[in-house]
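This report concerns only the one structure given below.
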Amino acid sequence: MPVKLKWPWLGIAIPSFLIASIGYCAHYFILLNFLSLRKQLWYQFCQTMIWLSYYLAIYTPPGKPPTNFKPSKNEWKVYCKKCKCYKPERSHHCKTCNQCVLMMDHHCPWTMNCVGYNNFPHFIRFLFWVIVGTTSLAIFLTTRIHSIWVHRSSPSYLYYKSELIFLTILTPLNAFILLTISILMIRCLFNQIFNGRSQIESWEMDRLETLARMSKLLPILIENVWYIFPNLRNEHVESQAEALLNKKRLSLDELVNFPYDLGPFRNAIQLLGTPPLWLYPFSGPQDDGLHFQKNEESMIEDPNSLNDIILCLPWPPDSTKHLNSTSEHTSNVQIISEEGEQVIRIRTPEKKLSRSEWLNDWGESLEDFGVDVDVE
């Protein structure tokens, strides 16, 4: 679950303190005593890349839409009242940064910045170099501990007391940093590279799966098909809609296609730019972050197949801002006729699955990623 700090500046101070204290204390008190010059230079190179990528992740703007942006045809037209412009696909308004962010992944408290389209490569490189640096240090520290243990019968004056103290402190601390950053890196790679999704979009997929499991998703998708593709509505497609609504079991793959998943390699190119420059500290994505290439499933192959049309809906496919009949908050009042008289009944309230209130298995809401739900 995302961390929320009482004083935001701590988000920069804590990582900076850890990078400096672990990196330079380990070098001065431990590595200088036994490590070769070549390995020391490699270690300091990793430290430099950590600082540089962290600086770029903090100060590189994530990207925001121009005020004259116009959504493409067959895309949701979502207007941000605060930025006074339309949001491009995959964009959200960050409550902390007070701006719409292109391809918003999340607001990161440890950079005091949103992770978005323009600075995602810097964020990933920062995680990468932290993992490389802490892994290298873990190997060096383990080697030193093993050497001291093997020669434990040697006179104590052969070892500096400060070295033993810092070995005791820095070894578990470095291992903890390596573990936590590795978990975050794996999550980012799994979402963005292997599935093509931001953390917000992965959260959306979990929410859609819940709606589908409760049989609440399909009616919204069909209404959205009539809204986005009105020219494809005919008796044949309507009969398919009725048949689908009567079908008891439908998998999520039959209802939802995530349009931006192009495969791991193409996802990486779209996010990080040209492969030879992935580790170059100043490289970034090649496009503008306003429009994104979509996969083949997003193209209508058979206009007479409702299943194909549903998979071509823009993301998220269950948007209800334009609908009156199907919304997140429906009335509990029901009017029916009994023996020629109109009777008002109060229906049993259903469990609310509002997009702004829903929580995933990690206990995360849309607001936890930094999104301003009031303008969603």
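Note that Cβ sites are derived from N, Cα and C of the backbone, with glycine treated the same way.
Swiss-Prot assigns Phe69 and Leu359 to topological domains of the same name, so the membrane does not separate them in that record. Listed in sequence order, Gly11, Ala57, Cys114, Val115, Phe123 are the same-chain residues six or more apart from Cys108 (active site, S-palmitoyl cysteine intermediate) with CB atoms under 8 A from its CB. Helix, strand and coil content of the topological domain 'Cytoplasmic' (62-122), in residues and according to DSSP, is 3 helix, 16 strand, 42 coil. Residues of the topological domain 'Lumenal' (33-40) grouped by DSSP class, helix first, strand second and coil last, total 5 helix, 0 strand, 3 coil. For the topological domain 'Lumenal' (144-163), the DSSP-based tally of helix, strand and coil residues reads 13 helix, 0 strand, 7 coil.
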